[in-house]
Amino acid sequence: MSKSPVAIIILDGFGKRAETVGNAVAQANKPNFDRYWANFPHGELKAAGLDVGLPEGQMGNSEVGHTNIGAGRIVYQSLTRIDKAIEEGEFQENKALNNAFTHTKENNSDLHLFGLLSDGGVHSHINHLVALLETAKDKGVKNVYIHAFLDGRDVAPQSSLEYLETLEKAISDLNYGAIATVSGRFYAMDRDKRWERVEKAYKAIVSAEGEKFEDPIELVKASYANDKNDEFVVPAIITKDGKPVATVKDNDAVIFFNFRPDRAIQLSNAFTDKEWDHFDRGANHPKNIKFVTMTLYNPSIDAEVAFEPIEMKNVIGEVLSNEGLSQLRIAETEKYPHVTFFMNGGRNEEFPGENRILINSPKVETYDLKPEMSAYEVTDALVEDIKNDKHDAIILNFANPDMVGHSGMLEPTIKAIEAVDENLGRVVDLILEKGGSAIIFADHGNSETMSTPEGKPHTAHTTVPVPVIVTKKGVTLREGGRLADVAPTMLDLLGVKKPAEMTGESLIQK
């Protein structure tokens, strides 16, 4: 039976910007995109900041974008979720955090706060540490000690002095808390099983092994004098009257305030793993500690979790599956996890009726050397699929504008967009021939801004809106759309009722 498929087509990193200088999207020859823009309802979508569950003004990215697209609702990212919880008072009542506070009161013991000391917002945020100090004081926790991991990667390489000063000001304003140890993230936040690094951080925290300093600021300055920037500061101990300020002991509580899991797992395991064999934890290994992690680092870690993952019900894949509709996810390697795992709300398995095609990305050093990447091969496979009437719904990603855009090179990025346009035409014209329709848009900006105002290469994502085209005659698109509105639009085109969990709205005006 002939199918009239509805497709979501993501031109990854294809933003909308009026200025044409350094704008690969504007400078590319793209007759197909321009033809659809001229002949079909079109507009723009917001794809950054609060509109995708990130802090205001923060650029979007592919993971966040595809999660929002698939969910059909704004999905708050960990940083924003925690910020919101602090603002609205939920943080102060958080069960896991309060369990840590209670543990110290019942055991007449100390609370220790571990985490990356910066406002980089990638692994942690210093504001969350300050909120923990304020909350612990309000809840009557007697002693709190901070084990500060210095950044220098997500922020400037020598910026820790300002963060230490911010922390010391908070401690002084509250007249509460003290810094106990300081360590570069290279040691405390290793993720590559370099256990000798983790061991140094662990032994500083538990056994006060390492160089001793009266003042964290002096410690960092000594490290700089030794050519070691923030990231590489060797774990060291802060002393008062010649004695270590604090170590983690039996019956204490720990809150690890990093929200990104990958670099917090190993140190957490060093404290909680009963079957430990990576290094000798020594006689001081603390027993009966209450260990709390800000988010779920790994289900195998014996810890309470302050902000559990949000389980997403009725993402686009599940809704299509429940309706008995067949669906295809197709992309090349670079964006395959995005059209599958992220689009499915962090789920690896296919839904019933969901099929997947993975086309290998070319094996080149950098994609500016092959700007077309695998766009032709992806399209060949998809055209074959559409001709054979295989699927009711299609989710396709063209990786080129983003992956080549990251090179910061204008000419290859223009070529990348031209290759995508040629293949976009092959796909969309065939869908239209079959009586179907497509939603053509991007997940975030990048290739529309290839140079800085000073004329230097620009390699990052942007906060600009993205274009959207719905290839259906006789409808009008409303303004004010965002990525969360794409899945409801697809359901609208398929004649499927939107589930209550999808708070996004169809872009098609009723």
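Any Cβ shown, glycine's included, is placed from N, Cα and C.
With ASP12, ASP443, HIS444 listed by Swiss-Prot as binding Mn(2+) 2, the candidate from SER2, SER62, SER407, SER506 annotated for that site turns out to be SER62.
Among the candidates ARG185, ARG329, the residue that Swiss-Prot annotates alongside HIS123, ARG153, ASP154, ARG191, ARG260, PRO261, ASP262, ARG263, LYS335 as binding substrate is ARG185. Binding of Mn(2+) 1 is attributed by Swiss-Prot to ASP402, HIS406, and within the candidate set HIS391, HIS461 the record adds HIS461 to that site. Here ASP12 (Mn(2+) 2 binding site) comes close to SER62, LYS335, HIS338, ASN397, PHE398, ALA399, ASN400, PRO401, ASP402, MET403, ALA442, ASP443, HIS444, ASN446: these same-chain residues lie at least six apart in sequence, with C-beta atoms under 8 angstroms from its C-beta. In this structure, the binding-site residues under consideration are ARG191, ARG263, HIS406, HIS444, HIS461, and the one with the smallest number of other Cβ atoms within 10 Å of its Cβ is ARG191. Shown in sequence order, ASP12, GLY13, ASN61, SER62, PRO401, MET403, GLY405, HIS444, ASN446, SER447, THR459, ALA460 are the same-chain residues outside ASP402, HIS406, HIS461 whose Cβ sits within 8 Å of the Cβ centre of the Mn(2+) 1 site. Separating the Cα atoms of HIS406 (Mn(2+) 1 binding site) and ASP154 (substrate binding site) is a whole-number distance of 18 Å.
In terms of C-alpha distance, the listed binding-site residues HIS123, ASP154, ARG191, PRO261, ARG263 place ASP154 closest to HIS461 (Mn(2+) 1 binding site).
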